[in-house]
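Annotated features, as they stand in TrEMBL:
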BINDING   Gly108, Ser109, Ala110, Gly111, Lys112, Thr113, Thr114  ATP binding site
DOMAIN    26-79  domain 'Mur ligase N-terminal catalytic'
DOMAIN    106-293  domain 'Mur ligase central'
DOMAIN    315-434  domain 'Mur ligase C-terminal'
Amino acid sequence: MIGDWLTDDIAKAVGGAAEGDSVAFTRVTTDSRADCSGALFVALKGDRFDGHEYIDAAVSQGAVAVMAQAKANADVAQIIVPDSLAGLGRLGALNRSRFNGPVAAVTGSAGKTTVKELLASILSQRGDVCKTQGNFNNHIGVPLSLLQLTEEHRSAVFELGASAVGEIAYTVALARPQVAILNNAAAVHVEGFGDLASIVKAKGEIVCGLPEDGVAVLNKDDANFSAWVEMAGARKVISFGLDDSAMVRAQNIHLELNGSTFRLSAPEGGIDATLPLPGAHNVRNALAAAAAALALGWTLEEVRDGLASAAPVKGRMNKLLGINGSVILDDTYNASPTSMKAAIDVLARYPGRRIVALGHMGELGSVAEDAHREVAQYARDNGVDMLLGIGRWAAEYREGFGDESPVVTTHDDIAAWLRERLDSNTTVLVKGSRSAAMENVVKQIVEK
C-alpha cells in the first residue's frame, strides 16, 4: 500500500468510527485463514457467510485491526462502518488515489485475463507493474487488487469482471483507469444477466466510467462495437482487431503451433511482432494490449518486446508433454462458448488424432443446452476425432458430436479412457469452466 495507514485517520477517510488506540497497519485482508500479521481484517458479510464470526481467528493470525459493522469483543483497534463491503471499496479507492502512474482496466466475456497479462508484459518494459492476481476481478477482488499498489509500481492494469449489471460501474469507479479495454461480449454469465443485451450494456460500463479525457480501446471485430462507441460519447476511441479498418490491426499473420508472427500496424507506425501464445484469438488479444499500451504512451518497440516476452498463463492453452509422447493442451482455467471454439481452432492445427475432453460451461442459463450442443458440433466440424464430455450437459455434448462419443461421468473415467489410447500421434485439448476442475484430468495424463 502507499503512504501511512493509521486506524484513526482511515476511519475518517472511509466514513467510519474508530474504536481503541490508533494503530498502523501495512495491508488489508478478508481471509482469516491466512497469515494476517500487520493487517487490517475486513469482516465481510454476505448471504451465506459472515466474516464477523472469524474476527477472533484473524486476530489470532496476527491482525492488528478490524473493520466491522459492529464493535467486536476483540482487543485490537477497530473501524466501525455501516457496510464493511463498501468500506473495503473505499480502502481500495483511497490507495488508488495515492497512485500517480498510468492505470488501465480491461473487461470482456473472453480473453480479459490474457489481455491483462499481455498488457502487463508490455508495461513492464518501463518498470514494476501492479496487476490483478488470479480471479480477483469482482466487487471484492478489485478493491483488494487496488490495495496492492505500492510506491515501487510504475504502472497498473486491472481486470474487471461482472456477474450482473452495475458491477463494472462500481469497480471502474474505484480503479479510475485512464484507458479501458473492452475486449468482447458474448452469451456468458447469462444466468446473472438474463440476456446478451444486458451483457453488452454491463461490459460498456467500463467505457462510461472513464474520465472525459480517457481512452476507450474497443474491438472492431465485435458486433457490438458501434454500441460501445456510442457509449464512449466524446471520449477518444481506439479500435483494434483483425478487420482492415481497425486502427490497431495485424497483417501478414502466420499462425504456428506455439505462437504467431504478424505485422502490427497502428497510427504510430508498423512493426513486426512475435507472440508466444497460439491461436488467432490471441493475436486479437495482443492487439488489444498493444492498443492500450500505445494509448498510455508506450512505444511500438516496447510493445514488440513486451509481446515477445509474455509468459503463458497457467491453465490457458499450456502445451504439455503427455504420456506415451502425446501432446496435452491444458486450457482448464475457464470456458465459454467463445473460448471453447477458439481453443478448438488451435487444436485443429495439430496433425494426427485430435481429442477434446470437456467439462461443462457454467452460468449459461437458458442457452446452456444449445451452447453445449453447438460447441460439440463445432468440434466435429473442425477436425476433432473424439469428444469426451462430463458434467451436467454431457448428454448435450454427445448429442452434438455424435453417437461415437463414449459415455464418461468423472475425471477418472476420462483419464482412464485416454491412458489406454494416448500415443505420439495424439493431441488432447482439456477444457471446462472453473467449477468443472478439468485440471484433475490433466494431472493424470501428463508425463510425470
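Cβ coordinates come from backbone N, Cα and C, glycine included.
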Beyond the listed site residues Gly108, Ser109, Ala110, Gly111, Lys112, Thr113, Thr114, identify every same-chain residue whose Cβ lies within 8 Å of the center of their Cβ atoms for the ATP site.
Val106, Val115, Asn183, Asn184, Asn285, Ser339
Starting from the Cβ of Ala110 (ATP binding site), draw a 10 Å sphere and report how many other Cβ atoms land inside it.
23
What does the DSSP secondary structure composition of the domain 'Mur ligase C-terminal' (315-434) look like, as residue counts for helix, strand and coil?
49 helix, 26 strand, 45 coil
Winner by Cβ contact number (other Cβ atoms within 10 Å) across the binding-site residues Ser109, Thr113, Thr114
Thr114
Could you break down the residues of the domain 'Mur ligase N-terminal catalytic' (26-79) into DSSP helix, strand and coil, giving a count for each?
10 helix, 16 strand, 28 coil
Can you check how the pLDDT averages out over the domain 'Mur ligase C-terminal' (315-434)?
96
Which of the three DSSP states, helix, strand or coil, fits Thr114 (ATP binding site)?
helix
